[in-house]
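Structure first, then comments.
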Amino acid sequence: MYSDLLANLNPEQGEAVTLPPVDQNGHAQSALILAGAGSGKTRVLTTRIAWLIQTGQVSPIGVLAVTFTNKAAKEMLIRLGAMLPINTRGMWIGTFHGLCNRLLRAHHKDAGLPSTFQILDTQDQLSAIKRLLKGLKVDDEKYPPKQLQYFIAHAKERGLRVKDIESGDDFQAKMAQLYQAYDEQCQREGVVDFAELLLRSYELLKHSEPIRTHYQERFRHILIDEFQDTNALQYAWLKLLSGHDGSRPSTQRSAVFAVGDDDQSIYAFRGADVENMRLYEKQFHPMMVKLEQNYRSHGHILDTANHLISNNTERLGKNLRTDAGHGEPVRIYEAASDSLEASWLVDEIKALINSGIQRTEIALLYRSNAQSRIIEHALFSAGLPYRVYGGLRFFERAEIKHALAYLRLLENPNDDTSFSRVVNFPTRGIGARSIEALQDAARAQQCSLYLAASSLEGKAGAALGGFVRLIDHMREATRHNTLPETVEFVIQHSGLIQHYLGEREGQDRVENLQELINAATAFIAEEGYGQDAKAATLPGENAPGDVEVSPLASFLSHASLEAGDNQAQAGQDAVQLMTVHSAKGLEFTSVFITGLEEGLFPHENSVNELNGLEEERRLMYVAITRAKERLYLSHTQSRMLHGQVRYNMPSRFLEELPSDSLKWLTPKAKDARWGGRSSGSTWNDGYTRQREYESNDFFDSGSDRPVTRAHSTLSNNVKRMAAPPRDTYPFKIGQNVFHTKFGEGRVTALEGLDTDARAQIHFKRHGIKWLQLSIAKLAAID
DNA sequence: TTCTCTCTGAGAAGG
DNA sequence: TCAGAGAGAA
């Protein structure tokens, strides 16, 4: 019977899916699947769940599956529903945050939270922090809100409460103290931030023995996707829940099935730790299967990826292979400038479309968002439809957040973040002064702004009283409404619709608000509130985790946990523009990786980070492996960045590709171009590589004609760049200098003529900067 | 309270 | 280059 499930798997996939979840001693046997790009990992994960259920090794309620995005969770549910005749609705498949939210809702009392607790997204968290600092009269120059936010998030992601933080210097101590105050504020207001969601549920499981045991016994099989992206807290959570932390005897642990790819770990900057894979090997003793058969890319593309990534040292080791044949070589193009790069892109895309390739099958990738502008401009001028990923998403839009803030106040009036957000929006004469007075009153009475509002006297008190009555009225009036009716009522009576109708550019916002009503309707239908609510519960178990929450409360958490699409140009047949990060997990027939220049990709900031270069290389690896049939790489000699023209060297990654798989559309720069560099080891100097204009290696010193006969369009640029004689600069490369504002630094590059002469300086405190020598006050030191 | 101007600083992003 | 924050004026 289950052979159907396995019929379409290759041997290694089949092996992974059917790994015995129990060893010969009857103990749970965990697994680690090293799944290369395009090796069918989602399929393996889903089939594993189906196989476990179908072979009777577990019932659907005994499975816990964790993903990193809602999209991945949804996809898994859909595939599973197609494989098995079961209702997947009650299954615990979701993101870490979604599952933890579910846990905390079910056990809010034990977790020390009100039943109506709200979730703060990153924006909300920042405004809560700003409000906190203001209230405590803390100098936000000295303790920047953003930095405190980072401090708190990182502490929580490592599982650290204030008491666990080692006392360091004064600054550290103050940050810890503010962390404490922030947590107290959140507790008072009944809100939790994203990291708190995880930490709180970890602590819940840790400290409540009955709850822990309940879930440990329920979830006999725990599956994790994108394991390389887990952080320390998520790992600890997993260890605890599966009983591998020592809380259960070895005979009673759950089997963990982790799928990941260390070569695609690109999120260290947000707390992910690839080390977890090695830790997992050591602590869970998993059986290991490598999925190295790639079903996506042609040979040259795959060779390119393999070759590049082999330059990384810290790898578990894996080499992708394909049956698809070599296919097209990887094409490399050098443009003279960013605008010429863009127009080349347009030409090449037009040719691809003429050859019958769908626009949606063409992706333009870049390292940083700022690069999209010039490409968009070129596509727009050429009349080529395109879609940009990223940017503001539906639930992050200001008007939507305003509406949600009103809705949150109906649920939980103590939510001061929401209160502050809309107390004077639309404006109702409650200005900064009134708010300040209100905050003082609230602090004195140890209560929320909402409660303090009625105690205030005078004109401000009257206006605030009006606001409180408005909220109370909305709550009363919608008591028996359906969710969409409530949403509609609130956006009408809050005055939001009217406000935006009066604005010149408000039409879009009004439409978005109306869309929010639709979103509520869709949510009710999807979640099965109303007619088939019963179907949501699986037979056989009355789990404490499956409790009903009010539709509004659950819609609000949905809005926080799932920011929604950025719907711009969705569905249209358009060329796809996105950063390399957001391309992860996607695939396209044709892929362009643009801006392959030193300083950009690898990004200049990365060279100063621990293992930063290796992460950039993995990022490049991810980019390459998005391509199925055609891959183009481009770089430019000059690029406008932050309003200044920069001349960057070609990316070092271009040198790390196998020449047999490449085809240079512009003449490949001769070795001379790469400077007098000896065999690859000299770049790790911690500084951005910069074009060097040594007359004797790049240009014929006697004439302005380049020796390496570059593309004809390049020669103008070349002339300008060839001109500056070295010795006219007041500083030398490597010299230490002092700047009145940035302090001490070292000169790392020089370029330009006369008043245009610039120096790149690596400042100890402020990082790398370009300074115009005619303007900047620089003094040589030592 | 709100509009306008000036200054600053700049990476990637899911929940 | 350009978005966001903060200051100052109406």
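For all residues, glycine too, the Cβ spot is worked out from N, Cα and C.
Over in TrEMBL, the protein carries these features:
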DOMAIN    A:14-298  domain 'UvrD-like helicase ATP-binding'
BINDING   A:Ala35, A:Gly36, A:Ala37, A:Gly38, A:Ser39, A:Gly40, A:Lys41, A:Thr42  ATP binding site
DOMAIN    A:299-585  domain 'UvrD-like helicase C-terminal'
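Fewest Cβ neighbours within 10 Å among the binding-site residues A:Ser39, A:Thr42: that distinction goes to A:Thr42. Mean pLDDT, taken over the domain 'UvrD-like helicase C-terminal' (A:299-585), works out to 87 on the 0 to 100 scale. The DSSP secondary structure for A:Gly36 (ATP binding site) is coil. Residue density at A:Lys41 (ATP binding site): 22 other Cβ atoms are found within 10 A of its Cβ, drawing on all protein chains shown. Counting other C-beta atoms within 10 Å of each candidate's C-beta, the binding-site residues A:Ala35, A:Ala37 are led by A:Ala35. Other Cβ atoms within 10 Å of the Cβ of A:Gly36 (ATP binding site), summed over all protein chains shown, number 25.
Taking Cβ-Cβ distances under 8 Å and a sequence gap of 6 or more within the same chain, the neighbours of A:Gly40 (ATP binding site) are A:Leu9, A:Asn10, A:Gln13, A:Leu291, A:Gln293, A:Tyr295. Surrounding the centroid of the Cβ atoms of A:Ala35, A:Gly36, A:Ala37, A:Gly38, A:Ser39, A:Gly40, A:Lys41, A:Thr42, where the record places ATP, the chain contributes additional residues within 8 Å, namely A:Val44, A:Asp261, A:Leu291, A:Asn294, A:Tyr295. All protein chains considered, the CB of A:Gly38 (ATP binding site) has 21 other CB atoms within 10 Å.
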